[in-house]
Amino acid sequence: MTILNHTLGFPRVGLRRELKKAQESYWAGNSTREELLAVGRELRARHWDQQKQAGIDLLPVGDFAWYDHVLTTSLLLGNVPPRHQNKDGSVDIDTLFRIGRGRAPTGEPAAAAEMTKWFNTNYHYMVPEFVKGQQFKLTWTQLLEEVDEAQALGHKVKPVLLGPVTYLWLGKVKGEQFDRLSLLNDILPVYQQVLAELAKRGIEWVQIDEPALVLELPQAWLDAYKPAYDALQGQVKLLLTTYFEGVTPNLDTITALPVQGLHVDLVHGKDDVAELHKRLPSDWLLSAGLINGRNVWRADLTEKYAQIKDIVGKRDLWVASSCSLLHSPIDLSVETRLDAEVKSWFAFALQKCHELSLLRDALNSGDTAALAEWSAPIQARRHSTRVHNPAVEKRLAAITAQDSQRANVYEVRAEAQRARFKLPAWPTTTIGSFPQTTEIRTLRLDFKKGNLDANNYRTGIAEHIKQAIVEQERLGLDVLVHGEAERNDMVEYFGEHLDGFVFTQNGWVQSYGSRCVKPPIVIGDVSRPAPITVEWAKYAQSLTDKPVKGMLTGPVTILCWSFPREDVSRETIAKQIALALRDEVADLEAAGIGIIQIDEPALREGLPLRRSDWDAYLQWGVEAFRINAAVAKDDTQIHTHMCYCEFNDIMDSIAALDADVITIETSRSDMELLESFEEFDYPNEIGPGVYDIHSPNVPSVEWIEALLKKAAKRIPAERLWVNPDCGLKTRGWPETRAALANMVQAAQNLRRG
């Protein structure tokens, strides 16, 4: 029983983000389709070769995607929304990009598919759309072509396919409502056809991803698995693949399926290996997801060995990454600026492949010397002074309930704030950022590269802040912002100014399409060595008599958009960040800043996959926000900003944040989101976004007025604010000026009644 290793998928973008550059060049019309396809071929060949060189036995094929793998599956099944279809029904790479980016075959704008988070990761997928009576057929054969490609290169491959039940679960019904699960029998023949084609190519194992099996699924969905897999059995061996959580609660459903193996995430799940071994059919292969595919930390392989060794020789066993390595940067070896000690604690995708090879070899031979050697740095980290800051740990331990309570209730605070700011009815503001022009980006880049000294950099930033204030005063906004010219990214900026974080040069991870992010890494206890935003906020406030908002990114968002430590809980990290930012609130207040916004766009997306785990998360998430904000005096107004499409299931927690004002994204849902706030009888002030900043379209005064009147039917007008639905960083100045002028005019019209 020789143990093999495999990965569930590999990063697609390339070490130097070659895929991103090729996509954007093609979209801009600067390169041909052939040139784009050639970059894809080159990247796939390189990535298979790199995994093989690192000792991976079975290489994943089908993990590459031109936009995202769920969209690839939609095209495979011929599921193209009518507005994006070619007249002759054909499907090509442009069809795929149109669904992702929003264009009709004629070149006219046509709404892109909705995009949402892939389970609880920071990766996104395009949501499949289903209509009643829909037909499916094998249409886009990218998977089969890539299998041919890999086999021609002499590789031993394992195709990767998103499973039928999870695919339907991830989609949404459009138009007349019906149960999308009823489409299962219509898509199964396409899956049968794909598996038959793979069998023809001599494929032994297919990795069929059903991550929905880690969720608390409705019974009807659990019941759908057996007939689905009865229909798919027999052509090739199926490795039923789950990740991001454990499978024990759904194990009875799983063990009844006619598959030949099961992959489980032994990093994020709480499944017990001995229990799994006992309950799985004895002839099944177990793929043990022991190496974390979602983080950047070197594994303690001695621990991983101990976790699995008792079942070695008792059943067929593979060792694997917990999930696809898509969520990890590619290669640590190109990081030249990381301190040697810190660098020794990390492993990126290629290093994780090496870990899988070390683990496989040790399990096959019983010789663990190499594991001990590999694990030494991560074991030494436990005692590093870079990790532990006694002052932070002491302060965290001393938190009391009082630390998360404002001095008085909202009604008392609102009176103090009205007396201080004397704002008109329908007060106008923006969410924080203004257009990041080429000049601003060049200024920051020159400073970062050392081509510009600190004095000239500061003079340049001050000039852009001054311009933002002048623009806002000219437009007649009531509460101003400094525009965030000095910030590259709302999380990275704070991470760079807090102790306990490090940054990589090339640690890029795909978010969706061509968008990549470079998350900060939390390596130790978090603290604030010096004020972060105070100087620029104070400068902006000195330029105007109107209030200027201080702008902070909240603790839960900083946590969710970073690679967290693995040696303490997420709650601990969030509260450490909250304490650091609490001091920032106090300093902003002392500097005369009376309105402070703490953005928490990630509060909802941090929710655990299982609803039964939500309460615990929301409790500490809300507490972290309140620790951050509660130091503010009554007449300091705390704002928060959130952008999601779903509030009703967490309204209690939104209200529990106790922010004086919440601004939300509502324009795309035509104010329907406010229903949740109305039904809940939300007590504080609210700024429903009146226009969609993701679109270059300028909303008319009438359109904004109509939306605000609609909002006033749900929320008392005296508690409403007027604002766009998100920051304006990605927009140009001409449309920003035009849209804000119309927004201010609409508010003035409503004041006149």
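Cβ coordinates come from backbone N, Cα and C, glycine included.
Positions annotated as active site, proton donor by Swiss-Prot, on the basis of sequence analysis: H694. The 5-methyltetrahydropteroyltri-L-glutamate binding site annotation in Swiss-Prot covers R17, E18, L19, K20, K117, R515, C516, W561, E605 and rests on sequence analysis. Taken from Swiss-Prot, the feature L-homocysteine binding site covers I431, G432, S433, E484, D599, and the record attributes it to sequence analysis. According to Swiss-Prot, the feature L-methionine binding site maps to I431, G432, S433, E484, D599, an assignment based on sequence analysis. Under the heading Zn(2+) binding site, Swiss-Prot lists H641, C643, E665, C726, citing sequence analysis as support.
Locations of recorded Swiss-Prot features on the structure.
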residue: R17; record: 5-methyltetrahydropteroyltri-L-glutamate binding site; DSSP class: coil
residue: K117; record: 5-methyltetrahydropteroyltri-L-glutamate binding site; DSSP class: strand
residue: G432; record: L-homocysteine binding site; DSSP class: coil
residue: D599; record: L-homocysteine binding site; DSSP class: strand
residue: E605; record: 5-methyltetrahydropteroyltri-L-glutamate binding site; DSSP class: coil
residue: H641; record: Zn(2+) binding site; DSSP class: strand
residue: H694; record: active site, proton donor; DSSP class: coil
residue: C726; record: Zn(2+) binding site; DSSP class: coil
- Query: Setting I431, G432, S433, E484, D599 aside, what same-chain residues sit with their Cβ within 8 Å of the center of the Cβ atoms that define the L-homocysteine site, listed in sequence order?
  - Reply: T430, V481, M490, M551, Q597, H641, G727, K729
- Nearest of the binding-site residues (R17, K117, C643, E665, C726) to S433 (L-homocysteine binding site), judged by Cα-Cα distance: C726
- Whole-Å Cα distance, E665 (Zn(2+) binding site) to I431 (L-homocysteine binding site), is 10
- Task: List, in sequence order, those binding-site residues among R17, L19, K117 whose Cα sits within 10 Å of the Cα of I431 (L-homocysteine binding site).
- Result: none
- Which residues does K117 (5-methyltetrahydropteroyltri-L-glutamate binding site) neighbour through Cβ under 8 Å, counting only same-chain ones at least six apart? Y123, H124, E605
- Entries of R17, L19, C516, H641, H694 which, being recorded positions, have CA atoms within 10 angstroms of D599 (L-homocysteine binding site): H641
- Are there residues of the same chain, six or more positions away from C726 (Zn(2+) binding site), whose CB falls under 8 angstroms from its CB, and which are they? I431, H641, C643, E665, G689, I693, H694
- Of all C-alpha pairs drawn from the L-homocysteine-binding set I431, G432, S433, E484, D599, the farthest apart lie at a distance in Å of 13
- Message: Give me the CA-CA distance between R17 (5-methyltetrahydropteroyltri-L-glutamate binding site) and G432 (L-homocysteine binding site), in Å, as a whole number.
- Response: 29
- Which residues, sitting 6 or more apart from E484 (L-homocysteine binding site) on the same chain, put a CB under 8 Å from its CB? G432, S433, F434, M490, M551, G727, K729
- For Zn(2+), what surrounds H641, C643, E665, C726 with a Cβ no more than 8 Å from their Cβ centroid? I431, P601, M642, T663, I664, G689, D725, G727
- Site extent for 5-methyltetrahydropteroyltri-L-glutamate (largest Cα pair distance over R17, E18, L19, K20, K117, R515, C516, W561, E605, Å): 29
